[in-house]
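Heads up: the structure comes next, in structure tokens.
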Amino acid sequence: MVLTQQENLSVLVGQRFTCLLGTDLQLDPDGVSKWPWKSGIVRAASHKDLHCPEIKIFVEFDDEAWEKRTWIELYGATVKMFLVEHNLVLADRVSPSNSVPVQCPAMVYKVLVGKFSLGTATCLQFLGDKDKLFLSKELVKPVRDRETLKQFMQENKTFNKAFQELIRKSVDESRLQQATRNIIGMPINVYSMDPSMQWFSATISNVRTASRALEIKCEQLPSLKIIDPALLHVVLVHNYGDLNDKSRKPRAPKRKSQDTESEDQTELKQTRNEEVPSKDVTQKTSFLTYRRDDGKTLVVVDNPKATNNLFNYINTTTEDQQKVQQQSLSSKQSVPVGFGEALLGCAATTPGILNAATPPQANSPPSFGAATPQGKGTQNLPGDTTLLNGEAKREETNLFLSAAASQGNKRSLGFGMMESPSTFSSLSSMPSWSGQPKSENGPKSENLFAAFTNSSTVFPKGFEFSVKSFPEQKMLSVTDSPKTAPPMTCVQQQEQKVVKKPENNHTSVRAIKPQEPPYPKSPNKNDGVTYPRSILLDPQKLKRLQQSGDCFVQDGSCNDIAPHLHKCRECRLDRFGRSREQRDSAVFCRFFHFRRLHFNKHGMLKEGGFLTPNKYDAEAINLWLPLASNVVDLDLDTAKYILANIGDHFCKLVMSEKEVMSATDPSKQVAWKRAVRGVREMCDACDTTIFNLHWVCPKCGFGVCVDCYRMKKKSLSSGEDGNETFSWLKCVKGQLHEPENLMPTQIVPGKALYDVGDIVHSVRGRWGIKSNCLCSNKHVRPVVKPVVKEEVKPSTPEPEPTKAPLAQPNVCTAPDPIAIPSTPPTPACSSPLSWLTNLSQTTVNKENKDNLFASNLEHKPLPSFASFGKPVSALQTFGSSILTPTTSNNSGFLRNLLNSSTLKQETNEKSTPKILDDIFASLVQSRPLSDFARKPQGLPIQPSLMGFNTPHYWLCDNRLLCLQDPNNKSNWNVFRECWKQGQPVIVSGIHNNLNSELWRPESFRREFGDQEADLVNCRTNDIITGATVGDFWEGFEDISARLKNDKGEAMVLKLKDWPPGEDFRDTMLSRFEDLMNNIPLPEYTRREGKLNLAARLPAYFVRPDLGPKMYNAYGLITPEDRKYGTTNLHLDVSDATNVMVYVGIPKGEHDQEQEVIRTIQDGDADELTIKRYIEFKEKPGALWHIFAAKDTEKIRQFLKKVAEEQGHENPPDHDPIHDQSWYLDNTLRKRLLQEHGVQGWAIVQFLGDAVFIPAGAPHQVHNLYSCIKVAEDFVSPEHVKHCFWLTQEFRYLSHTHTNHEDKLQVKNVIYHAVKDSIAILKANEASLGKL
């Protein structure tokens, strides 16, 4: 059996240790046991990183009173040796009853700091003893043979009790360190740093899963709100008093657990009236399983039988569970000062969980619910950051040649136990260690080991037990699809099973959304990802595979499954301790659920190739199919709008994939890399997210995208291999990766991508959605979908698959495959969406990328307004809706258009709103170019004429829409007509709805003032380290309190990357809710907004982090500061809205108002903007300059020219815009307008204004006063094109650039947005006849 802890629990707090302290120690090398060892327990730590050279630990020694506790520097000069408890082993010990040496369980200690050599000796402590011994490593053996060990524990109560204490301690520590939701409401004891007390009591009010901190309520220390179990010792407290009532009916068990401490610690706690219930080891303990609160794994607990059982749990009714779920938890957060060094390095940066859910009982594990794939535990080398290991000794042999294999993990705490011929054979007849006669209840009292023989038992998250029988589980099928399958596409096959016709044809089919927190949390990497146990851990299936030699899919890491075979890159790095910290090494294995294995005739595990595209199962294919049952928060109208805007983009994506597939060598078998939950496939060369087709090395799993593969082949053919833009990593033993040795691999199973492409065309035709894609042009030679290459030799069916694979879909509705050219024919007329086609057939490199970007971002004209007379079902696409300004006089245009007879004849009640939208959109851009030079007069447009009751006005020479009511339900209709033109938009008045107390500087200073933070000097861009958040907030509105430079001048600072962490919601829950409840245009801006395409990405994938993010900075007021920017010119890959939540006017500076007015005027703001400041007394916060995305290349060339004039270099892997190294002052903006004709929008953002910035639009910010801004990113259907282009641009940035890595996954977003849209449209096809 194997008990391992999968988390990288490199945590010292709560662990027992033994050490040598002193400076001048005279030690006898042969008398290790006589050295002055001191043992104790670690109570607190200053840092989480054990390798930090400055880490200090707060310890209590066993032979001293707790009042003498002290801090010691772990790597200081006085610490000569430091050993911590490591894992469970067996060692010889003489039985007191008959003086016969027997092997007994013991805890071995691992050397963490070793300045002296122990030689061949190792430190261990027998379970139940306090003394530590030093024995030869040869006498220590790993634990084997579960059954005999179980019997040994039953007959020896001392070991039984100690082992249960050890297990319970590990369970409690795991729950606390993982911050599981089902500990909310539980009482705890927290170690006190106050000299007057050792412990104090508290209650867990909330958990923060990201930083794994606990929010607590404490009567003794009311100011203490947040603690981190990794830095301060925390133990769970359990109450078993209610179990005395034997008349209570059996109820579903509620998981509880209790911390274990040594007996002397318990006594100390009892002296402070903190008594712990007594424990009777003779009491029978039975085990049940239930699903964790997050539903991710199963947990072993005890079924309550009596009051004195160690693992009894309080029974709760359903009503009790509902009450727990409905508790309202406080979101206030603060870091206490009283903890001193104990909390050094601890930042409260995680979210609170609103609801505490009680886990339901489960009698068997889920089919996909094991915590990690099983395999062999690897021993950590010195380079690894892991403190605790789960295996006593690493063996470089095939782990699964025996019927019962072991499991482990490189990050295991561990109790590594492996099955083999019995090591406990002599224990069955051995007398009881305690010398007592066998109790009558002895044989029945299986205690902890009852779980080992239960096939449905799995230990808490982080623990696994390898047993002789396992439940049935899902396996990847590798059998060939039947050749006689009916001619149906994979989409049609699933539709017959899932999609049903709506009962009401007039109502769109909408899937019921599961109950979730009101604001979905941005998922962390591999958060809660679980997979079934390895097939090799089932003895029966293992034996069958060995006998038959059938192929099966690798379902664990290379190190665990087959250490003697080729290891992938991740597993090789993982083996040598150089891999990044990750929760589950198997999930990140390149060959996980990808490579096939089989046993040869000698029983050795061998490679059997890789999965092919036709080897999918229902779960794999459903992720990629348009199934209405999987779609939430999407209505019929929104689906049509999304498809009208991004349908052509999707078609070009499919065309590009077809062309690449058709250009591959027909002799090469295409592999299928199954999408792995919680893992983002990325190119190893350019860090771009891989959508589908890519090339993989079969030896190490190295993978490159289509573009990098094409560039490499071109550089090799031209003899310029040393000059390629992206270097390739080397393979095993340092060999170079040659393109011809890589295998083509796809991620989308089967022909699902091409099937969805066919459905897009048919659905758009049925619903009258206009399309401009190449594949809809009759003059273009049709490009049929490529046939997925079958294996040369069919594979042997997999033994006993739990879910039969779907029949190989026959989706060829077109003629037989024909030869497809490597580049598509040029259409008769250029399409506005030719950008993606050009991209797919053009090799982008350093020399031609600038010209490529410029040539494909040209402004395309539109048909005349006569097209508005067409049926409204022919929806406008993004490309076809871009309108160019006309030179005709627009006087009376709106009235004439409304009174036209054609419009009256063809307009009905349904189509009027859409027609008015188009009229409004055309009106925005239908002005003479000469009007740009006029001073702003405002455009008095009556809302009634627009068809919407939407208060608004115009700024920036009538080029900038400003919506005045953030709560107006019609805002998004008006907004999108300007938004689709690529124009920024302002929404004002948001501050009136916000809770102003939450956004004041005082509240931030009070809650987070002690946190360390990096500050940036806005004048010099220098980073100031060692400061605190409080230092920044103290000078926010007081110039005299600001930090000074070397000359004694107050610096203009901004907080860099604060608050830290991936999710704003984790750190500031109450502010997050306040913002999300009041953010304008929630259809676009909320995480689940129906027009936010990022919401369409399934939770199966790693969703992009789109904010919110805070931007806090002082104002630049002086005339000299006008050449500096708070945020220099840059652009973002996604759309964004930036809300001004607070404006602070600092005291201590004269003539601020006059300087602000001059700065606004110097920034080219219009008269209406100045009027808002002077007459309406609004608070101006920041001056923005935003430029159109189509002008990006002109600005780039202009800045390069200016850089050359100033003698600066322009490295090829850097970009003047992406580097954020320029601020365009008045002089540069005038040159840009005169030399390139580029004019942007000068916007002054007042308090409560939300500025919407389109994706790809260059912009810069200059704070006028001290500002607190919060930005939220989103992906709108109108700007997907720019998102994609920016992703391509970012590929060429240096690897140190913050924007280099592709986190948005535009192709995945496009695919799943289209997939969901057509699912809704197909489900509503029955309603077409009713329209």
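Heads up, the Cβ atoms here are built off N, Cα and C, so glycines get one too.
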In Swiss-Prot, His1130, Asp1132 are given as binding Fe cation, so which of His1236, His1259, His1262 is in that site too?
His1259
Looking at 474-478, 894-898, 1244-1248, which one is motif 'LXXLL motif' according to Swiss-Prot?
894-898
Among 358-381, 406-429, find the range that Swiss-Prot records as region 'Disordered'.
358-381
Overall pLDDT of the domain 'JmjC' (1086-1291), taken as the mean:
91
Which one of the binding-site residues (His1130, His1259) has its C-beta surrounded by the most other C-beta atoms within 10 angstroms?
His1259
Let's check the environment of Asp1132 (Fe cation binding site): how many other CB atoms sit within 10 Å of its CB?
20
